[in-house]
Amino acid sequence: MDNEMHISNWFSTEEGKSGDDKNHMPKTLTEQLVLGLEDFFSLEVWRASVAELIGTAVLVFALDTIVICSLEINTETPNVLMSIFIFISVSILILATFPISGGHLNPAITFSAALLGVISFARATIHILAQCLGGVLGALALQAVVSDSIVQAYSLGGCTLTVTRPGANGPTSASISSSQAFWLEIFCMLVVLFASVWIAFDGRQAKALGPVGVSSTIGLIVGLMVFVSTTVTGTAKSGYAGAVMNPARCLGPALVRGGHLWDGHRFFWLGPTIACLAFYMYMQIIPRQHFQPSNQGRDD
């Protein structure tokens, strides 16, 4: 509690509002916001990470299932169905985990939160490990319930640059270039960061919108980016599931299924990481008083 009051008091000073040199920040504040090594020994942090693990496992299972079902249904616009169901699923899961862990469910979101001082890097490390493990568990759960033919046809709905689908006249394949995937991950992740940071991580916006408004808005942005990325690449009917914007969702199926899912896998990590760093640089340019971090991870 003392650390929390110390942080609040510092942010109310001129240095805290302007975001001046970190050397001027109180030592305890710097340790709390940047390193937070005590979080490694906090039972509350580890308990919160369980929500990230289970939430990410359910998210990966749900999203990969949505991808497979949308492509299996005989419709002219599978990407529209995919986007709508992704919007609903992401919104519900963020809402379910938001009170416990902040509802990140995404290593890129967690990394961005650490860069901006919303949570410590120690807590971010624990959450990212939990998210990656959750991604693997979600992929294992999906593999356990789908048929072998579906696994072969859709590669567990994993992240891939080349898609091979069964057709009436034999298998058909479609692909996007590695540069397309790379830039799509960067740009789409930037859009998601604008929504999540300014809506979920800013205390004023989060309070005004409430949990339902925050989770619904972020889910809508994610679904919209899936629709846009599948449309602009001309792959709406080919089986490409759009920009992923979540490395944990790619890691799970890649570890479980393997094979061509490792082709270009690095882009699904590099793209969001670069987007996080670019957004962090942008946040350093704007005046500090325009962003008031919420108290995620600083109330335990």
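Every residue, even glycine, has its Cβ placed from backbone N, Cα and C.
Database features, via TrEMBL:
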- 45-68: transmembrane segment (TRANSMEM)
- 80-98: transmembrane segment (TRANSMEM)
- 104-121: transmembrane segment (TRANSMEM)
- 128-146: transmembrane segment (TRANSMEM)
- 181-201: transmembrane segment (TRANSMEM)
- 208-228: transmembrane segment (TRANSMEM)
- 267-283: transmembrane segment (TRANSMEM)
Does the transmembrane segment (208-228) reach the transmembrane segment (80-98) with at least 3 CB pairs under 8 A, where each pair is 6 or more residues apart?
yes
Checking 45-68, 80-98, 181-201 against the transmembrane segment (128-146) for Cβ pairs under 8 Å, the most are found for 45-68
